Amino acid sequence: MNGANGSIQAIIMFISPMVSAALLGLTTIEVIFYIDVITAAIAIVTLLAFLKVSVHEKASEKQTTSYFSDFKQGLHYVNTHDFLKKFFLFFAVFFVLMAPASFLTPLQVTRSFGDDVWRLSAIEIAFSIGMMVGGGIIASWGGFENKIKTLGSASVIMGVCTFALGVVPFFWGYLAFMAIFGVALPIFNTPATVLLQEKVEEDYLGRVFGVMGMISTSMMPLGMLIFGPIADIIKIEWLLAGTGVFIIILAVLLGQNQVLIEAGKPAFKKS
């Protein structure tokens, strides 16, 4: 299910740049913003009118905790489980190292290959196609029996692609590695989500995902605070090559961590 969801997101990411590029050629940015508001309103009305979800037993009970209390309990839960501490530490470092590949590649393309609009659209389309393929692969395959092995393998691929984006000299090769990067992303995200769903107690699942959300939304901006100013001093290619090497090293360390390897084993043995 998580793999299928990733494929749907990839399809949207695939279509969006093409539609955006077409609209930019036909109208102004202000009109496009209005279109964005209208489509968001349609989505909200659709959710309210047509999506019916039964009330969870816990939601029907009177809650005595606040948002910050829940968040504090989530941090405490993570702190008392060794595999979660190591798991989230990996993610924190990983997201910092991924910042150049996530945010600086459009700038790199403009500086190194040209500022043609089609080039920026092409890297988004290549990445989205890769995500669609990766979502289909993980949905049908399911990954290795040990989820940490799947996570580590995808991390190595993303590290290699990040390094390659920094050294490939021609644009079509750049697009190929961007597409492979997209393939690896759902294979990385899906086992991480499933691992938490399997290993974290149901009552704390939302709190732990809240902590994970905090890490994912704060570490990449932190990475940009570090790498953004550096990109004005040295070439972005060097940043990508360097962070790619560190991502590979991080993935190797992940695969050698026995606590995480034990946590990554399936909850139910196949008969």
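If you go along the chain as it appears here, the first residue is 1 and each next one adds 1.
Placed from the backbone N, Cα and C atoms, the Cβ positions cover glycine too.
Mean pLDDT for the domain 'Major facilitator superfamily (MFS) profile' (38-271) in this predicted model: 88. Residues annotated as domain 'Major facilitator superfamily (MFS) profile' in TrEMBL: 38-271.
Annotation source TrEMBL lists transmembrane segment at 7-26 (among others).
Annotation comment: TrEMBL describes 32-51 (among others) as transmembrane segment. Taking Cβ pairs closer than 8 Å, the transmembrane segment (32-51) reaches residues 20, 23-24 in its own chain, all 6 or more past its ends.
The feature transmembrane segment is assigned by TrEMBL to 87-105 (among others). Non-local neighbours of the transmembrane segment (87-105) in the same chain are 78, 123, 155, 158, 161-162, 165, 178, 181, 192, 195, 211-212, 215-216, 219-224, 226-228, 231, 236, 239-240, 243-244, 246-247, 250, 254, 260, 263; each lies 6+ residues outside the stretch with a CB under 8 Å from one of its CB atoms.
If you look up TrEMBL, you'll see 125-144 (among others) marked as transmembrane segment.
Annotated transmembrane segment per TrEMBL: 151-172 (among others), in sequence order. Tertiary proximity for the transmembrane segment (151-172) is limited to same-chain residues at least six positions away from its ends with a CB under 8 Å from its CB atoms, namely 94, 98, 100-101, 105, 108-109, 113, 119, 144, 178, 180-181, 183-185, 187-188, 191-192, 195, 236-248, 250-252, 254-255, 264.
The feature transmembrane segment is assigned by TrEMBL to 178-196 (among others).
Within the chain, the transmembrane segment (208-230) has long-range Cβ neighbours (under 8 A, six or more residues past its boundaries) at 70-71, 74-75, 77-78, 84, 88, 91-92, 95-100, 102-104, 196, 200, 239, 243. The feature transmembrane segment is assigned by TrEMBL to 208-230 (among others).
Taken from TrEMBL, the feature transmembrane segment covers 236-255 (among others). Outside the transmembrane segment (236-255), and at least 6 residues removed from its termini, the chain residues within Cβ reach (under 8 Å) are 90, 93-94, 97-101, 104-105, 107-108, 111-112, 148-149, 151-153, 155-156, 158-167, 227, 230, 261.
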